[in-house]
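**Student:** This is the feature table in TrEMBL:
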- 105-537: domain 'Major facilitator superfamily (MFS) profile' (DOMAIN)
- 107-130: transmembrane segment (TRANSMEM)
- 142-163: transmembrane segment (TRANSMEM)
- 170-189: transmembrane segment (TRANSMEM)
- 195-219: transmembrane segment (TRANSMEM)
- 231-253: transmembrane segment (TRANSMEM)
- 259-280: transmembrane segment (TRANSMEM)
- 357-378: transmembrane segment (TRANSMEM)
- 390-409: transmembrane segment (TRANSMEM)
- 415-435: transmembrane segment (TRANSMEM)
- 447-471: transmembrane segment (TRANSMEM)
- 477-498: transmembrane segment (TRANSMEM)
Amino acid sequence: MNSSLPLRQSIRTHSPIPLQNHKSARFKLQPSRFVNSSIQNCSRTVSFSPSSIPIQPRFNGSVESRTVPSLRVRVSSNDAQFGSSNEDCEPKAPSFREFITSERIKVVSMLALALALCNADRVVMSVAIVPLSLAHGWSRSFSGVSSFLWGYLISPIAGGTLVDYYGGKVVMGWGVALWSLATFLTPWAADTSLWALLATRAMLGIAEGVALPCMNNMIARWFPQTERARAVGIAMAGFQFGNAIGLMLSPILMSKGGIFGPFVIFGLSGFLWVLVWLSAISSTPDRSSQISKYELEYILNKGWKSFPMENKPKTNRIIPPFRRLLSKMPTWSLIIANAMHSWIYHVDLKQAAWFSAVPWSVMGFMGFFGGMWSDMLIRSGISVTLTRKIMQSIGFFGPAIALIGLTTARNPFLASAWLTIAVGLKSFSHSGFLVNLQEIAPSYSGVLHGISNTAGTLAAIVGTVGAGFFVELVGSFRGFLLLTSLLYFLAALFYNIFSTGERVNFDETAIATEELEMFRNASEGCAVGIVISHPKR
């Protein structure tokens, strides 16, 4: 945004030293010293300690540069001069009807569809592998080989880095195109050779590794903080329903179009999605030609503190500061949470007939409910940190207790009920650690998501392989369920101790740039009163 718009500036000094005696033109912005920002009736107070914001106050018509050790900026509307109202400067929260008809709902709906395709393409092989093995004479041991999982293991970190640099729209478009191509080529690969089939499944895993980091990036750009949890709930509901859709539709499509029917249908659906995505969706709200003025102002006013718009050339480096990212305990709280979140997914329980659509559907609905509740808590004044910990506690303590109940089940119906409760409650963690990625590091949410996803994939491999060894060691699956319950308790405690909903200082330069952008966004279109003072010595 243009920071040189005509503004009325009044400067009042509280200093024993005359302002004219100052020599330098810069304030040095300390990234972690952002003290306060509030918006009430279009009145904003932004406080910085000794900082590096270049300002050019006017003195008798001339422009002079000054150095000051402390800056407090109060930005307020001047309705008489600018012909605006408080409602124009800070739009009211949208109604439910406005929310579901907004441009940002179109964005999150497309994300939900992409994640549904992501999971459907992933699980269709679990249905097709048995007839494919019989048709091609593959061994039973081969049917358990998952080249997809190994492809998915290596891509999230690199994909998340690309997401942070190029944005979620571009990377998601390429990701869906590549995994749809891999799905579409699976029939050809299966008829060609085993190695060709393994290569296409690995390509599917590599391409799908960017899906969740892209989802987080797009939601952080399009949704203010008070709506992000429900947005993640909607997107992840698509992810869960995609699992159910893939498991239910694949046998039907196979019966109508042969073994390769679902691969062709899902692959073509992905290509269609890419065409709509590239033509109808913008990377940020300020680049959208379809968004209304009201919605854009609402997103900018509510979201300016946490994720600045990309209306300037990229200046951040493409290689993230991995050492600094991994040196902070909030990062490890997210990594451990994601690893534990993935643990139960890949334990091979979904082959049971009852573990098909119902648990995944319940998880989708419960995740959206958790997101709505999380946003309500934040709007009611509960801190972001406490809200995330509440959601994560439900998402981990709940499954831990449910798995203990599962060990007491005496029939398949009770076992199904307990497991459905476990995965349903686990979806509350989408409003915990999954949204938390955007909050502690907006500039690095993609690579952080990639790191935690890789940890989750490793946990999935360990959980799948380790379950067999553990059951063989203790003689029953009940012991493995109790171990999993203990791990959920420990992961929940670790997250509650070390997580935060506040910004973490991973990159001082990036944070300084974004806070300066916040100041510019806050001051545009409003009269500015600036108070400059020396700190007490």
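Every residue gets a Cβ built from N, Cα and C, even glycine.
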**Student:** Please indicate, using numbers and ranges, the residues of the same chain that are 6 or more beyond the transmembrane segment (170-189) and have a C-beta under 8 Å from a C-beta there.
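**Tutor:** Residues 111, 114, 117-118, 121, 124-125, 159, 162-163, 196-197, 199-201, 203-204, 206-211, 213-215, 218, 259-260, 263-264, 266-271, 273-274, 277-278, 283 contact the transmembrane segment (170-189) from elsewhere in the chain.
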**Student:** For the transmembrane segment (357-378), I need the partner stretch with the highest count of C-beta pairs below 8 angstroms, choosing only from 107-130, 195-219, 231-253, 477-498.
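**Tutor:** Maximum Cβ contact count belongs to 231-253.
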**Student:** When only pairs 6 or more apart in sequence are counted, do the transmembrane segment (477-498) and the transmembrane segment (390-409) reach 3 or more Cβ pairs under 8 Å?
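**Tutor:** With 3 or more qualifying Cβ pairs, these stretches touch.
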**Student:** For the transmembrane segment (231-253), find every same-chain residue at least 6 residues outside the stretch whose CB is under 8 Å from a CB in it, and list them.
**Tutor:** 104, 108-109, 111-124, 126-128, 215-216, 219, 222-223, 261-262, 265-266, 350, 356-357, 360-361, 363-365, 367-372, 427, 430-431, 434-435
**Student:** For the transmembrane segment (390-409), give me same-chain residues lying six or more residues beyond its boundaries with a C-beta closer than 8 angstroms to one of its C-beta atoms, as numbers and ranges.
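**Tutor:** 229, 337, 340-341, 344, 370, 373-374, 377, 382, 415, 417-419, 421-423, 425-433, 478, 481-482, 484-486, 488-489, 491-492, 495-496, 499.
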